Amino acid sequence: MLRDLFVKKKKYAAIPSEQVRKDVPDGVMTKCPKCKKIMYTKELLKNLKVCVNCGYHHPMNAWERLDSILDEGSFREYDKEMVSVNPLQFPNYEEKLENDRKKTELNEAVVTGEGTIDEMLVVVAVMDSRFRMGSMGSVVGEKIARAVEKAYELQVPFIIFTASGGARMQEGILSLMQMAKTSVALKKYSNAGGLFISVMTHPTTGGVSASFASLGDYNLAEPGALIGFAGRRVIEQTVREKLPEDFQTAEFLLEHGQLDAVVHRNEMRESLRKILEVHQGEGMAVWQN
C-alpha cells in the first residue's frame with residue numbers, strides 16, 4: 001500500500017560468519033578496553049602499546065619495558081635462577097607458580113639487572129603483573145633488595161617500574177617482611193647518596209605502594225595508573241563517603257602532591273635520560289663506604 005512507502009525500514013547489520021572470523025589469526029587485532037577501538041596489534045606495539053586513538057596505556061611485560069628504556073643490547077640480568085618455594089604449604093601454590101612460569105617464561109614477578117640509558121649505567125628492576133599479579137613474595141623482595149645493593153656497590157642510579165597487586169598472600173608474614181627488607185635496603189642506598197627513581201605503572205597497590213614504590217627521590221607514574229593501598233570499595237565503606245571518580249589515579253596523586261610527574265610512555269626514556277644527566281656524577285662525591 002501507499003503508506004508502506006513512508007514507513008521507516010529497519011536497519012540490519014551483517015554479522016560475519018564463523019568462517020570469516022577464523023580467517024583473522026589470533027593476535028592480529030587488539031581492542032582498546034577504554035575507547036573500544038580495534039587496531040592492528042603491530043600498530044599498537046609500534047606505539048609502545050599506547051592506544052593511537054585515546055592514549056590508553058596497555059600493560060607491558062618486563063622485556064617490552066626494558067626494551068623501551070634501555071640502550072639496545074645493554075641489559076644484563078641478575079638472579080635469573082631464583083624461584084619461589086612454598087614455605088607455608090599453601091594449597092596449589094606450586095602449581096600456580098609453575099603455570100605462571102610457563103605462561104610468562106619468567107621465574108618470578110620481577111626482572112632485575114643492569115643496563116644503560118644513553119650510555120649511562122643504571123641498575124633497573126621491572127615488575128611484571130602477568131606473574132601472580134606482580135605480587136611481592138620472598139623472591140621478589142630478595143631480588144629487589146639485591147638489585148639495590150648492587151646499585152650501591154656500583155655507585156649508580158637505581159630505577160624500578162612497579163606493577164603489583166601487593167603482598168603475596170600465599171607466603172603470609174614472609175611476604176610482608178619484604179616491605180621492610182626493601183625499604184631498609186633503599187634507606188642505606190639513599191644515605192650513601194644514591195639516586196632512586198620509582199616509576200609506578202598500572203596497577204601499583206597494597207604492600208608495594210606502601211613500601212619501596214613510594215620512596216623514590218623522583219616518584220613518577222604513567223597516565224591513568226591505579227595507585228593506592230586499600231581498594232576503593234573498602235575505603236568507601238570505612239569512611240562512609242563517596243570518593244571522587246579519579247581517586248587513586250596517577251593524575252589525582254599528582255594533583256595532591258604525591259607524585260613528581262605523570263609521564264607518557266613515549267616520553268619515559270627521554271625523561272629518565274634528562275634526570276640521569278642532571279644528576280650524573282653529582283652524587284658520587286657523597287657516597288659513603
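For all residues, glycine too, the Cβ spot is worked out from N, Cα and C.
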Residues flagged as zinc finger in Swiss-Prot, choosing from 32-54, 124-146: 32-54
Tally of DSSP helical, extended and coil residues in the zinc finger (32-54): 6 helix, 4 strand, 13 coil
Residue with minimal Cβ packing [other Cβ atoms within 10 Å] among the binding-site residues C51, C54: C54
